[in-house]
Structures are given as structure tokens and as C-alpha cells.
Amino acid sequence: IYSPDAEYVDLLLNPERYTGYKGPDAWKIWNSIYEENCFKPQNVKRPLTSGRGDLFNVCLFSGVCVEKRAFYRLVSGLHASINIHLSARYLLQDTWSEKKWGPNVTEFQQRFDEVITRGEGPRRLKNLYFLYLIELRALSKVLPFFERPGFQLYTGNLSHDEEVKNQLLEILQLAKSFPLHFDENSFFAGNPKEAAKLKEEFRLHFKNISKIMDCVGCFKCRLWGKLQTQGLGTVLKILFSENLIEKIPESGPSYGFQLSRQEIVALFNAFGRL
């Protein structure tokens, strides 16, 4: 944070919205994310982001395991979330005297209408809800980490620290009270060695997605893309660390499971986007 190269950005003053970043460059970013990171059978050679649902069908009908199908759905849900925000806060007017943002229904339809997208749009929205359930589940699981008396947010103001922590715990308690949580117990339930290998693949894939986001030419797009990608990576870290979280002592350091300040910021801002 004290690096001379660091840039401070107030997210409230820089909301996620349409910036004009589109065309071949934007398409290449998402194509790279899907091509390099979404698991697929080795006999599939064609591009997977043609807009006709190729990857979704490949995953469903070619024997790809449930965990790998879930990985694709998470990436697709993230993509859908970003597209919805771009459509909801679209640059409707751009003159020398005024910039006006608002909902662009046509843009939304082009991305999600069942007929225009040849049936793919509704699947994207279902994947968005799947992503929401996964992140909600992680918030309910991570509650013990934040409940510890020794956990501090360190905003620089003691009274503000206490107030924000209370609000944070209120949100997490609310998440835990949700009656229809996603059951992740079916994931990675097979051979322990294979499960550990698959978890590591998940981690490396998300690390690579974050690197791809570094190639985004628009600074604001890159900022929000990386923030949400890291938030989702933190969600998976929480779900993969359930046993460690359950063993966290009420007082003293938590060596088995830790979240950095950056991971915490990404976790809640990413969930806020959903």
C-alpha cells in the first residue's frame, strides 16, 4: 500500500459501468479466459466462446466431472454479472457538457434474450444465480473467522472499527440464516489425492484468470474485473478450508486459515456486485 507505484481508488466514486471498452480486444480477453481456464475434453479443438453455448453443451454431455462443470458455471456467472452492470449503467449520452448513464435494455437483450442468444442467455442468468449461491455459502462458512474477539479491521479509528465489525457480523449472520444454502459436500468427495489435485488446478486457473485481467486495456474494467475475480478466488479458498475454519481458536493467532486485507476487501465487494 505504501509502494510509490500504488494507486488509491475509491470504488464508490468509480462504479462499475460501461466505459466504451469493447470490440476485438474485449472479446480476446474473455476468449482467453474461457479457452485457457475452463476445463474441456482434450478432443475438443474448436473455440468455446462462439456465443452458441458450445462449452456448456460440451461440459454437460462429454463426461466432464461435476466440479469442472461448476468451474465453468462460476466463470460464466461472473461474465454475466459484469455484462449486467455494463447494461444497467450504460453511457447513454456523451457530449462536451454532460455524460449521462442509465439502463440500456437493447444491450441487455443482446446478451441475455433467449431468442437473440439462441437459448444461451437464460443459462447465463442461471449461472449468475449459481455464482451468487456459492458466494453466499462462503460468507456463511467464514463467520467464525470474523467472530473472534481479536479480529480487527484496522480502519485507523477504534470506534469506527467496532461499528464496522458489528455491521460485518450482522451481514454474515444474515447470510448464515439463509434456509436454502448450496450444498458443496458433493464437490471433491472422491479420492483424496485426486480431490487435492483438482483443488490445486482450480487455484491455478483463477490465478491465471487474474493475470489475463491484467491485459485489459481499460483501467476501470481491469480494476473491477480483478476485484471480482479475486473475490471469487477467496470464496473458493474459504470453501476449500472448511475444516481449518472450524478449528480456529477463539483467541490467539489463526495459523491454519488466514485472509489478507486485500482478500477481505475483494470478498465483500465481489459479493456486493452480485
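The backbone N, Cα and C atoms fix where each Cβ goes, and this holds for glycine too.
Since this is a predicted model, take the numbers as computed values, not measurements.
Other Cβ atoms within 10 Å of the Cβ of CYS218 (active site, nucleophile) number 15 in total over all chains. The feature active site, nucleophile is assigned by TrEMBL to CYS218.
Marked as active site by TrEMBL: CYS221.
In this view, HIS79 (FAD binding site) is surrounded by 19 other Cβ atoms within 10 Å of its Cβ, with every protein chain counted. Positions annotated as FAD binding site by TrEMBL: ARG17, THR19, TRP30, SER76, HIS79, ARG111.
Around the Cβ of CYS221 (active site), 22 further Cβ atoms fall within 10 Å across all displayed protein chains. If you look up TrEMBL, you'll see CYS218-CYS221 marked as disulfide bond.
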Residues near THR19 (FAD binding site) in space but at least six apart in sequence (CB under 8 A): LEU91, CYS218, LYS220, CYS221
